[in-house]
Amino acid sequence: MPNVLIHLIRHAESADNVKRIWAGWKDSPLSNYGMNQAKALGSHFSTQRIEYVYASDLQRAQSTAQAIVSAQAPTSSSSSSHTPACSLLTSQDLREQYFGSFEGQPYSAKAPRGGFRAQGGENKDDMMVRADRFVQELIVPLLDKFEGESVQTAPTIIAIVSHGIFLRQLVKAFLNLEGGASGQGAALALNAGTTSGYALSNTGYGVISLSLATTEQHEVIDVDALEEPHSVVVPPRVERQRVKVSVAVLEWNSKEHLSGVTRQKGGIGSMAHDPGQKDIRTFFSSAAK
């Protein structure tokens, strides 16, 4: 049984997706259709107990992640039925690729991708730094708490809501924990050593499992036993267990939750979602009272 299941989720459709413009760090709200996608995603995950929800700090990712949090059942110890079981944590490291001078430009402008960098923007190596930092600072510490535990009744489930291009680098950061793909991971990539095959639809998600397996014992320096930091005396050594992380990509671009979601007619679905705007059915039902 894996210790951790990671759901990597692309945000719902944004207003800038509809406009077909380069919006890396440009902060775009969800479209009305995108909000319905997010609600369907939240409903889909409502039967799973998600313990941690991380999202990019851009609103299209935050709104999608909030739909997941809001749909989670409250914990039994919660004093309010409206208090979800988890909270939303945001990170700038989960942002989309920054397109520099191409931000806000139409797709026809053909912004540089991959290893190339637009003026003032990022390339894949820059994104990889952010992806590795997120995994090492926020995910690896969670794995550390499982070290030495003999019993875990169910895997810890984590949802990460980010952006299409950046998520390809985040997949690579997770696979690097083991030193490469395992399970179906290698088959999902189009070419060895690349993650170009890891495309996601809006609210499409992938599932990655992380499993800990203790391997051989090895000697490490017992730094706590050192009397002086720069002592020339050979320091004492203690036996420690080396823990190996096994990583597998279980599924990718799952979107069964969208089967009943349709775009509103008359251009309404493509408009930017306004949280303060009432649904027309709500308006007429209120007027009838």
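A Cβ is built for glycine as well, from the same backbone N, Cα and C atoms used for every other residue.
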Recorded substrate site member, picked from Arg49, Arg60, that accompanies Arg10, His11, Ala12, Glu13, Ser14, Ala15, Asp16, Asn17 in TrEMBL: Arg60
Shell list (substrate; ref centroid = CB of Arg10, His11, Ala12, Glu13, Ser14, Ala15, Asp16, Asn17, Arg60; cutoff 8 A): Ser28, Leu30, Ser31, Gly34, Asn202
His11 (active site, tele-phosphohistidine intermediate) and Arg60 (substrate binding site), Cα-Cα, nearest whole angstrom: 6
Candidate nearest Glu96 (active site, proton donor/acceptor) in space, where candidates are the recorded positions His11, Ala12, Ser14 and distance is Cα-Cα: His11
Lowest local Cβ density (other Cβ within 10 Å) among binding-site residues: Ser14, Arg60: Ser14
